[in-house]
């Protein structure tokens, strides 16, 4: 047992020593990354709460009336086209649900058509126009924004195949402002601005580079020009891409402000988007400074849409679908997950009634009663005012001051039907004093949707690539031989071997030994292989990673790490750094370690613990990681071949292939030496 324990301890020391930086990286990833995503709930004081324009004192009270209530519906990702049969769902909504919900207006956040086979089909856009005309949609109350599927096969903004600008209900406005425009909804009780921001970029090669949007100087200048959030009740942003799926790399031409600078200065209540079909109701604030509610809608392609209410300037919404009835949209008290200081939250505390919009479908079970429970205690039943308005508002008197504590409270709505059907329940947590509810951690969705890839993409890559350059240049045989004498290096090696062979060191000494071993290992790398590795490291970022045809084979897209160019236009893609990071950490680094290990074992100048078995274990680990990383890169890039079949991967695929050739040559050389040594031992015996 003692022997087994010692073996485990020694093995752990070896692992920590040889993979110290990898261990530190994993600790940062597994501990630091989740901590960075935690959003601590905030409580807003009276001084923090901003009121809409012209309100010297907050005289409005949320009671039983609908005087200051409006609703709109957000549709997204309809994906109309001959490639799928989704137009019937679009028409079903317009012909049935729209007439029951009776929203004041509609917004459609991109991917209007499907762009089948990465090509725009004019018939899809004609279908879109015909459907809107068929149901007599008022173009002044219908607003949309372009999505990535709406630009497949388009070379630039002026492309004649860019049908979005030809068949759009607001095409006259889009002629002058293609990247950003504003529409205002003027209600008797206030004005609400909607800023349509087009983050799509041309050309868009879809996977793997076209999944993120990008800003531009023109877009930011226009955004700064049209935004007047201090003088309206509320301001919304409409975009296809979620806020963390955009590349923010530009600044305004005059004030030199970035997108985040503008978002922090303006009073934006919500950022409504689409694109992520499986986002569900998993929403979040951007950060505590901007307090923008990030809300990405589900796809109508399958059946889903969102109803948004503005009730006395308090924002609420629900995700629903074509077949879910009745629909419950609570408007007071507000869901604590989406509290923002840009709302007059004081109105919740001063409200006299619990309020909810309940939409019924004719022919279904009739609602008999709506019971309300707070903290599992029944407090009464809601009623619908006798003078029914267009809005199906149900109300119930309450005393909000009874719930002024710092704790969150749970409210549950229970709809009972007169035919004895199973009651329908809906609940959420609320606070009357502006207390936010913290978002539960879900690692898979947090990693994809809440991580700030725009900020992390470059540092993650350069840390890994810088580590390669440091190991190749600072620990190079040429540099070390120039600085230190052969006597020093020989003495250093002997002392190192003695320490390792004695195995008398603790955990802290293992960390120190890691740097000493790294120093010694790279001295063993011959000048020829050192030159090869340096050249390949430079080539991996200097050469284009991909060259392939886009825009229906009308232009070549050349993709570098820093920029991509096609048809005389250049843009930056977010995911180039991501795939370069995958290549650096999971292809180049394991290949570098493998080549160094094979060089050492072939020279037969290694400490006793570095036996053939140990080298085989390390080599297999490096080979497995190398192969998985290489297969992933090749798979992602081969997905871009498309129907034309034009694909030329240079920077990463070919560099990986050359690394494999070098490592394969050294591995064959070691196998031959091992077989030869084994035969000599047998002859001797």
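Even glycines carry a Cβ here, placed using N, Cα and C.
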Range annotated as transmembrane segment in TrEMBL, from 460-484, 485-509: 460-484
According to TrEMBL, which of these ranges is transmembrane segment: 419-443, 644-668? 644-668
I'm validating the feature mapping. Which of 20-38, 39-57 is tagged transmembrane segment in TrEMBL? 20-38
DSSP assigns the residues of the domain 'TMEM62 Ig-like' (325-434) as 12 helix, 49 strand, 49 coil
To the transmembrane segment (460-484), which of 529-548, 577-596, 616-638, 644-668 is linked by the most Cβ pairs under 8 Å? 577-596
When you scan the chain for residues with a C-beta under 8 Å from the transmembrane segment (616-638), skipping those not six or more beyond its ends, what do you find? 18, 207-208, 545-546, 579, 582-583, 585-587, 590-591, 593-594, 597-598, 647, 649, 652-653, 656, 659-660, 663, 667
For the domain 'Calcineurin-like phosphoesterase' (71-279), report the average pLDDT of the model, please. 87
With Cβ-Cβ distances below 8 Å as the criterion, list the same-chain residues six or more beyond the ends of the transmembrane segment (644-668) that contact it, or say none. 529, 532, 536, 539-549, 553, 556, 560-561, 579-580, 583, 587-588, 591, 594-595, 598-599, 602, 619, 623, 626, 630, 633-634, 637-638
